[in-house]
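Listed in Swiss-Prot for this protein:
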type	residues	note
SITE	Asn9	site 'Discriminates between blocked and unblocked aminoacyl-tRNA'
BINDING	Tyr14, Tyr60, Asn62	tRNA binding site
ACT_SITE	His19	active site, proton acceptor
SITE	Asp87	site 'Stabilizes the basic form of H active site to accept a proton'
Amino acid sequence: MKLIVGLGNPGDEYDKTRHNLGFMVIDKIAEKLNVKLDKEKFNGIFYKGENYIISKPLTYMNNSGNFVYDIKNFFDIEIDNIIIIYDEIDLKVGQASIKIKGSANGQRGMQSIIEKLKTENIKRIKIGVSRPLYEPVSSYILKKIPENEKETFEKVIDELADKLLTYIFNDFKTFINVSKLKNSKK
């Protein structure tokens, strides 16, 4: 069983914000599969296919580890079969990169997952939102995506959804081979 988790915050006030890019990728995957995240359990919502789960925690970003821990254990999913998707301020707007393992680099949702699963060996896809120049990170990431960035994010979300469908129906090696994402092992 494969588990793909998009991180974000629940609620209309967070919809279409930089911090909810993980949610947007999951929504795009569901759209391409013509499925709905119709199960609600473990304080999250998900769709369970034959060999995969696509999901969004409803715990708020900083407590995402609780959902990932519970769904992983309930469905007996190996850590090696989990991919987490989230926003990253240290990447340029629209740039995406994959990280096989390592620290959360200050991303609190990922930190929560690392703490709950007791390992840094968790695959993740980071979507760049750039670091703000003149405002606190916390307010910047929770603002709606501005018009001049919407097309860039729509494109990267669509591309990531296609690449993650490759993972769902194949394996991680195939995903890496078809992906043009930067592979970072740090």
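A Cβ is built for glycine as well, from the same backbone N, Cα and C atoms used for every other residue.
Everything Swiss-Prot records as a feature, shown here on the structure.
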{"residue": "Asn9", "record": "site 'Discriminates between blocked and unblocked aminoacyl-tRNA'", "Cβ contacts under 8 Å, 6 or more apart": "Thr17, His19, Asn20, Tyr60, Met61, Leu142"}
{"residue": "Tyr14", "record": "tRNA binding site", "Cβ contacts under 8 Å, 6 or more apart": "Gly8, Asn20, Leu142"}
{"residue": "Asn62", "record": "tRNA binding site", "Cβ contacts under 8 Å, 6 or more apart": "Arg108, Gly109, Ser112"}
{"residue": "Asp87", "record": "site 'Stabilizes the basic form of H active site to accept a proton'", "Cβ contacts under 8 Å, 6 or more apart": "Leu7, Arg18, His19, Asn20, Leu21, Gly22, Gln107, Lys126, Ile127, Gly128, Val129, Ile141"}
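Sorted by the number of other CB atoms within 10 A, the recorded positions His19, Tyr60 start with Tyr60, the lowest. Sitting within 8 Å of the Cβ centre of Tyr14, Tyr60, Asn62, and not among those site residues for tRNA, are the Cβ atoms of Gly8, Asn9, Pro10, His19, Thr59, Met61, Asn63, Gly109.
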